[in-house]
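Listed in TrEMBL:
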type: ACT_SITE; residues: 270; note: active site, proton acceptor
type: DOMAIN; residues: 24-106; note: domain 'O-methyltransferase dimerisation'
type: DOMAIN; residues: 136-346; note: domain 'O-methyltransferase C-terminal'
């Protein structure tokens, strides 16, 4: 017998009107990141900070040397961003003040590593990212031979964090690396403060794709007994500081991982396919001692379905970003368990949730 097709009830007038308004919101919500990019490029958060944390549109017109004829337009931009939660507003939109979101967009503010996240806004709203997203329908229709490239790779012929990106646009490549660094550095102080058992007893640690060593130096400051090594690509290591606190090694995470008691993978594995993650984790397993000698891999990344509400929406938006830009993805706990076991590990535990990400300890 053929399966019965359930008939959808005809929406009520009220439901249709609400649906239309919701459709407007979903269709037009791309304007919020564009407005946010505009605010970053004009330097509005930094200007408000310089004016004591609160400013009116008139104050900002003067501080930013914008034409007075743009006053009412600036007010509309600020009000939209306040509605989206980027700024707080007082006196019915006559003044605006920084909140935690806009504080992250103030140049020169350093808390918990390099707090400023403006590079992330500029990268995510860049024409390269937006054009790749525009091409999603065409990408879905294509039948590729061999490994499936990301929509970004297919459209631009380049891969982010790869030399091909530098050949495509050197300035964009530099901005992508800045965005990655600010994304990775944010939150390590919180991990160190709230996950005391994570680093207790460790004598050595290798930070894979650790960039300029900001995370490794923070670990050494909190736990001076830990000898930290950073592994990253040669073009990254060439620009690393030479303060002597952290050892820097140029290399490839697929070929060799410097031996240590623990290996840290902070916001790394979501850039790679399951097959590549298994290869990376297998190299990590070779680099660490048995569990009885303290060996473990520390993964800091998103675990899908571990949140609700706006945080769950954020998780899946980041997953869509990975779909568009990389061959990687975000994973739920079962996905993580599968790649850990296939890489030869015996056990794992989710130790702590830190904002949008989780701290996972993986044991050989």
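All positions are counted from 1 along the displayed chain.
Cβ coordinates are placed from backbone N, Cα and C, and glycine is handled just like the others.
Not measured: the values here are computed from a predicted model.
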Composition by DSSP (helix, strand, coil) of residues within the domain 'O-methyltransferase dimerisation' (24-106):
54 helix, 10 strand, 19 coil
Tell me, what is the mean pLDDT of the domain 'O-methyltransferase C-terminal' (136-346)?
92
